[in-house]
Amino acid sequence: MSDGGLTPEASWTLNAACAAEAPQEMADDLFVQGAAQRDARRICFACDVRLECLAEALQTRAPFGVWGGMTERERRALLRRRGDVASWWDEIRTDEELTTTFSAQRLSLDDGRRRVRSTA
């Protein structure tokens, strides 16, 4: 049976950090642009199901919002570079380059927070 490349456990959404938000607050926080995306990304980077979320967004080509810590612009760029991926869930779990990139994104966001705190 083909799953279309989605994550093996579709109930990941129940464990998403953003699921604790009220539906409207989640929409306000995660479907934002500009500087407000940083706050949405922080929610993602603290989430236990971040990679499942990202895999689904890439697989379904989610057109807007922050998913799995990536903005729509970042996802579009990744999809352009890797347009031949059949299963994003498999790709994310096994590709060292992607794993390194996702770790660097998280560290970059953490570093930005430390800089803001130290200058405050």
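Keep in mind that glycine also has a Cβ here, set from the backbone N, Cα and C atoms.
Residue counts for the domain '4Fe-4S Wbl-type' (17-77) under DSSP, split into helix (H, G, I), strand (E, B) and coil, are 39 helix, 2 strand, 20 coil. Per TrEMBL, the feature domain '4Fe-4S Wbl-type' maps to 17-77.
Sequence-distant neighbours of CYS47 ([4Fe-4S] cluster binding site) (same chain, 6+ residues apart, CB-CB distance under 8 A): ALA16, ALA17, CYS18, CYS53. Under the heading [4Fe-4S] cluster binding site, TrEMBL lists CYS18, CYS44, CYS47, CYS53.
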